[in-house]
Amino acid sequence: MNNFSHWNEAGRPKMVDISEKEITTRTAIARSTITLSNEVYQAIQQGGIKKGDPTQVAQIAGIMGAKKTADIIPMCHPIMLQGTDLQFDYEKIDNGYALHIQATVKCNGKTGVEMEALTAVSIAALTFYDMCKAVDKTMVIKETYLVEKTGGKSGTFTHK
């Protein structure tokens, strides 16, 4: 357990003390992909989703998810976010479409926003599924990962 910062000397969970860290500009980009059938894609394009435009609702849900990360991930610090944005890009694949969801989160703070970006894309993907499940429940939420992070003591990370 010594390699993990969220454990105290007694082996119990703790929230890491960031009080001595420098305030720096921090950004994180995360991505998630959900695959969907041609039927779901056509329903979206034709305005046939009864609950409304799933990407618009997923965008709002993703932003809300980023803002609420500290409420649902136990050891995350509450962070004053300066910006959160999501992008949605469809890609035609062999058996339907892939929707790539990307979140960019930014703050000036003492700790990074990686979890906020990952939460944003996760909540957006779940919301998209919820919005479209009446048409087809075979959608699959696939890989969710950190694309890049900048700022802080550890500097820049880029997923390869």
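Glycine is treated like the rest: Cβ placed from N, Cα and C.
Taken from Swiss-Prot, the feature active site applies to Asp130, supported by sequence analysis. In sequence order, Lys51 are the residues of the chain that are 6 or more apart from Asp130 (active site) and have a CB within less than 8 Å of its CB.
Here Swiss-Prot flags Met75, Cys76, His77, Met115, Glu116 as substrate binding site. A coil conformation is recorded for His77 (substrate binding site) in the three-state DSSP classification, outside any helix or strand.
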Next on the checklist: Around the C-beta of Cys76 (substrate binding site), how many further C-beta atoms are within 10 angstroms, looking at every protein chain?
Outcome noted: 18
